[in-house]
Amino acid sequence: MSQQVIIFDTTLRDGEQALQASLSVKEKLQIALALERMGVDVMEVGFPVSSPGDFESVQTIARQVKNSRVCALARCVEKDIDVAAESLKVAEAFRIHTFIATSPMHIATKLRSTLDEVIERAIYMVKRARNYTDDVEFSCEDAGRTPIADLARVVEAAINAGATTINIPDTVGYTMPFEFAGIISGLYERVPNIDKAIISVHTHDDLGLAVGNSLAAVHAGARQVEGAMNGIGERAGNCSLEEVIMAIKVRKDILNVHTAINHQEIWRTSQLVSQICNMPIPANKAIVGSGAFAHSSGIHQDGVLKNRENYEIMTPESIGLNQIQLNLTSRSGRAAVKHRMDEMGYKESEYNLDNLYDAFLKLADKKGQVFDYDLEALAFIGKQQEEPEHFRLDYFSVQSGSNDIATAAVKLACGEEVKAEAANGNGPVDAVYQAINRITDYNVELVKYSLTAKGHGKDALGQVDIVANYNGRRFHGVGLATDIVESSAKAMVHVLNNIWRATEVEKELQRKAQHNENNKETV
């Protein structure tokens with residue numbers, strides 16, 4: 001009988017560290033709920049002590065996620081563990097994940113300590129975390145470069161202190177698969193109490209071996225794999241969860257393990273993470289790339305037509321990718337749109353049907369036929385922008401030509417007031433952005449601009465993703481339209497609304513902090 005491998009997702013913690021712009025609480029929650037639908041066992045959603053915003057996002061997710069265990073990261077520091085517990089206490093089930101470096105290099109140069117002191121600190125902090133929960137994970141940072149005898153000492157001590165999961169990270173992506181498997185096997189041989197904890201692995205892709213190392217560790221006895229959707233993360237990224245999950249499913253014959261993942265949700269979750277994080281998926285990416293199930297060779301095409309198993313070790317349907325494209329028109333009713341969303345696997349709670357149908361009709365009037373990829377793009381943008389907007393694009397007009405200076409006129413609703421400005425720029429998009437900056441006085445600096453066609457043909461929707469700097473922070477915005485300048489303007493307005501909301505949240509947190517301080521003085 002096969003054993004279950006626990007899937008531990010760190011997209012919202014380790015994965016987010018790679019992003020050019022921080023995610024909002026709403027965006028993090030959207031990803032967390034998708035991960036819950038996909039069936040991850042544990043999701044690590046933040047580092048609460050790092051900032052009030054991270055604390056709030058962990059607390060919000062912990063309150064709303066019911067079917068996955070929510071986890072927060074903490075260094076082996078008292079305050080870290082206490083703050084993590086405070087952010088998680090609203091959850092139905094939670095885990096505290098604490099860590100400390102164990103390699104000679106890290107101990108000597110980073111911690112300026114000794115192995116004995118590290119073990120003593122680990123014991124104390126694991127016990128402190130156990131005061132808050134029975135589910136405590138302990139990680140040996142840089143375990144891949146820690147001598148096996150030292151690693152075994154730390155692991156044994158952490159388990160004795162109450163750690164229920166022991167994580168063995170290849171923090172810098174240094175080890176080879178056969179080497180990493182040897183580390184796991186070595187721990188099983190050397191640690192007498194190892195049966196009292198689940199052995200976990202956390203691998204990085206610096207040498208392109210993250211997935212290989214994780215699978216080698218599973219083969220050697222590890223029963224939890226940590227990773228991120230699409231492999232996002234520090235430097236070259238984390239272990240790609242979708243790759244590990246499907247490798248376990250496809251090669252059950254040799255690994256003899258399974259996961260509790262709903263494989264039908266993999267593709268949608270991957271696409272959502274890509275969109276929200278503004279990190280496009282390479283076409284040749286295993287499992288979820290657009291070319292993962294494409295066959296261009298005539299020999300391969302002939303073989304697939306005769307029997308898909310000739311050249312496909314899994315099907316697009318096995319990851320939830322429905323390749324049947326049904327087109328709708330402006331004559332299609334709300335029921336038809338809802339029916340198509342149902343067929344694509346979307347629940348009503350994931351989108352606002354009224355808003356989606358309004359956007360669908362406007363698009364159908366422009367391009368005639370609306371396809372599945374159009375609907376998905378409209379649903380995504382609608383979800384991103386469904387909160388009340390302080391800024392709203394009311395009107396814009398652009399004049400430009402090969403020998404003309406681009407000029408834009410923009411009218412923007414700012415709360416209850418409508419303001420208008422005109423400006424010149426280096427092209428129509430820049431002119432629109434200059435006019436918007438004049439209206440708001442936010443003076444944002446554009447850091448990144450990317451345009452992606454959502455669909456096919458000359459009438460495809462254009463999605464613009466931008467990253468902008470404001471007061472030392474980076475904000476992401478997205479816009480969608482058949483007109484590139486319009487989608488660019490909408491993306492900047494989305495950035496402005498994100499800045500406004502972040503500013504309002506900071507003001508509210510400051511008010512609460514001041515209120516608490518006043519109460520202390522009164523007492």
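Cβ coordinates are placed from backbone N, Cα and C, and glycine is handled just like the others.
Database features, via Swiss-Prot:
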- 5-267: domain 'Pyruvate carboxyltransferase' (DOMAIN)
- ASP14, HIS202, HIS204, ASN238: Mn(2+) binding site (BINDING)
- 392-523: region 'Regulatory domain' (REGION)
| message | Within the domain 'Pyruvate carboxyltransferase' (5-267), what mean pLDDT does the predicted structure show? | response | 96
| Listed in sequence order, residues not in ASP14, HIS202, HIS204, ASN238 with Cβ within 8 Å of the centre of the Mn(2+) site Cβ atoms | THR10, PRO169, THR171, THR203, ALA210, GLU226, GLY227, ALA228, GLY233, GLU234, GLY237, CYS239
| Counting Cβ atoms within 10 Å across all protein chains shown, which of the binding-site residues HIS202, HIS204 comes out on top? | HIS202
| said: My understanding is the cutoff is Cβ-Cβ under 8 Å with a sequence separation of 6 or more in the same chain; which residues meet that for ASN238 (Mn(2+) binding site)? | reply: THR10, ASP14, GLY15, HIS202, THR203, HIS204, ASP205, ALA210, GLU226, GLY227, ALA228, GLY231, ILE232
| query | Among all the protein chains here, how many other CB atoms are within 10 A of the CB of ASP14 (Mn(2+) binding site)? | reply | 24
| Which numbers of helix, strand and coil residues does DSSP report for the region 'Regulatory domain' (392-523)? | 52 helix, 59 strand, 21 coil
| task | Using DSSP with the three-state reduction, classify ASP14 (Mn(2+) binding site) as helix, strand or coil. | result | helix
